Amino acid sequence: MAAKLSFSDLWSDVCAVRDRSPLVHSITNLVVINFNANVLLAAGASPVMAHAHEEVADMVGIAQALVLNIGTLDPYWIESMQLALRAAAKRGIPVVLDPVGAGATKYRNEAIEQLLMTSLPTVVRGNGSEIMSVAGSAAQTRGVDSSAAATDALGAAQSLVQRTQGVVCVSGQIDHILDASHRWAQLSNGHAWMTRITGVGCSATALIGAFCAVQPDAWRATVAAMALLGVVGEVAAEKVIARGKGVGSLQMALLDELQLLDQGTFEQRLKLEVAQW
């Protein structure tokens with residue numbers, strides 16, 4: 001039987017984030033800390049970014065979700081992430097991993113494997129090349145950019161789901177969200193300009209953490225988070241272009257629309273297909 005998911009279900013998760021303001025602990029990369037925090041705030045969540053070994057476990061102890069992003073790696077941060085993973089596993093809170101740049105360097109690949117060996121995440125989100133690399137498939141990554149389409153990574157995503165027994169989200173022109181129950185969602189929202197702002201993908205990962213904090217079904221939470229960002233990106237880009245502005249204005253417009261988006265616009269614009277894989 002095919003999985004079922006109504007647009008109103010997803011909107012109720014958007015409202016839950018706004019109403020409950022979950023605390024999301026992000027150990028993320030230096031490039032995107034500010035934007036990720038603002039995205040979480042605009043969506044209604046509460047961000048905290050702490051990586052000191054002396055406090056990371058305590059911070060996880062008061063958070064409702066943990067987000068790990070390996071964009072700007074160093075040995076200290078890897079150990080911070082491992083400490084956070086152990087604390088999250090002990091508490092049973094959801095963990096979202098963003099393997100930024102997976103496949104680009106041996107060091108990066110080894111760090112990802114260290115994290116996976118420490119504790120398996122609830123959700124892994126990445127572009128096609130990153131997911132293929134984490135799953136052990138051959139893929140060439142250009143920094144944080146993907147050389148593989150999301151559809152090219154579906155086999156790798158399925159393999160990774162089998163390993164983590166969780167959710168894998170492959171971002172691209174079409175976003176694919178798969179889980180161990182063989183549910184498969186495809187989202188076709190968004191705008192090409194979103195790829196020209198640093199941190200949008202990383203912010204998607206942060207949003208997934210916020211949604212997992214309020215929705216125990218991690219697959220549904222991931223679909224809701226990606227749906228929200230896709231629709232918001234579409235609406236924001238159209239408004240910015242209509243004003244004759246560029247991608248700098250889009251960054252601010254994204255935050256505005258995250259706060260202001262209404263149910264009617266969300267459900268009217270959402271392009272979602274749900275099936276089994």
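Numbers here mean position along the shown chain, with the first residue as 1.
Cβ coordinates come from backbone N, Cα and C, glycine included.
Fair warning: this is a prediction, and the values are worked out from it, not measured in the lab.
If you check Swiss-Prot, you get these features:
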type: BINDING; residues: MET49, GLY199; note: substrate binding site
type: BINDING; residues: ARG125, SER171; note: ATP binding site
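Listed in sequence order, the residues of the same chain lying 6 or more apart from GLY199 (substrate binding site) and placing their CB within less than 8 Å of its CB are VAL31, VAL32, PHE35, ASN36. Taking the Cα atom of each, SER171 (ATP binding site) and MET49 (substrate binding site) are about 24 angstrom apart. Under the DSSP three-state reduction, SER171 (ATP binding site) is assigned to strand. Counting every protein chain shown, the Cβ of SER171 (ATP binding site) has 28 other Cβ atoms within 10 Å. In the three-state DSSP reading, ARG125 (ATP binding site) counts as strand.
Taking CA atoms as the reference points, MET49 (substrate binding site) and ARG125 (ATP binding site) are 19 Å apart. Every protein chain considered, the tally of other Cβ atoms within 10 Å of the Cβ of MET49 (substrate binding site) stands at 17. Mapped onto three states, the DSSP output places MET49 (substrate binding site) in coil.
Non-local neighbourhood of ARG125 (ATP binding site): VAL96, LEU97, ASP98, VAL168, CYS169, SER171, GLY201, ALA204, THR205, ILE208, THR222, each in the same chain, at least six residues away, with C-beta under 8 Å from its C-beta.
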